[in-house]
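Going by TrEMBL, these are the annotated features:
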DOMAIN    25-280  domain 'CoA carboxyltransferase N-terminal'
ZN_FING   29-51  zinc finger
BINDING   Cys29, Cys32, Cys48, Cys51  Zn(2+) binding site
Amino acid sequence: MSWFKRTDKGIQTPTEMKREAPDGLWYQCPTCKKAMHTREHKLNAFTCINCNYHEKIGSEAYFQILFDDGEYNELDANLHSGDPLKFIDTKSYVDRVRATEKKSGLKDAARTAYGKMSEIDIVITCMDFSFIGGSMGSVVGEKIARGIAYALEHKLPFLMISKSGGARMMEAGFSLMQMAKTSARLAQLAEAKLPYISLLTDPTTGGVTASYAMLGDFNISEPEALIGFAGPRVIKETIGKELPKGFQTAEFVLEHGFLDFIVDRKDLKDKLASLLRMIQ
Ligand SMILES: [Zn+2]
């Protein structure tokens, strides 16, 4: 009899006590439910190796994917929100920002960095959905505006990666002003004949869609991203009609002429680089 043979009968481990794998080692795709190693998932630019579902990722992951050797210089890393309206909903805005900063490790819903992408110098601002739903408040607008100013000063192309639920309610009118501010800056970039590429990722909605996200020389998107202005329920109630199938997906928006192309995240860096080489 081998020494490891279980001699006692009836020993049961309840399911909730079973440890199958350490947390974070496996990723399960929410669409096809297939499990894969997190390392494999990361090597695949956080897309599912089975069904190609594009997992929502934040600025750090995009910067690692796009900048050569993951090296970049962040601009205005310490800008953070004021509370101009002394806004309180279920909790005060100041407390909400503080709690989100702690939880996400971010200062606000966007980060700007410059560096080399396939040896091309570029400025990238990328939004973070984990910070109050990627909402556009005064810090997001200011970081984009300053990112464009940096691109103008150094004559560099600008890439915006949007991922947002829209304007930040807690800053009300101050949020809406960011639409005009960023649009004006982008007009200066266009006058200087510097390229602006806008990448819309899942989801891009509200005031973000209605301003900088749709103002690119090229407006591009990841597959199956939700892209829209108002939510489908509001539109349905307004027009009093059933909405077409696939409404507000990147594929639908492309078919109706609002996007230039859809790019798989695994090809993003190469496509952006060849696009910039073509137009510069
Ligand atoms: Zn999948």
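The backbone N, Cα and C atoms fix where each Cβ goes, glycine too.
Note that TrEMBL annotation is computational and uncurated.
Counting neighbouring Cβ atoms within 10 Å of each of the binding-site residues (Cys48, Cys51), the lowest count belongs to Cys51. Taking the mean position of the Cβ atoms of Cys29, Cys32, Cys48, Cys51 as the Zn(2+) site, the remaining same-chain residues with a Cβ inside 8 Å of that point are Pro30, Thr31, Lys33, Lys34, Ile49, Asn50, Asn52, Tyr53. Using DSSP to sort the residues of the zinc finger (29-51) gives these counts of helix, strand and coil: 6 helix, 4 strand, 13 coil.
For the domain 'CoA carboxyltransferase N-terminal' (25-280), the predicted model reports an average pLDDT of 96.
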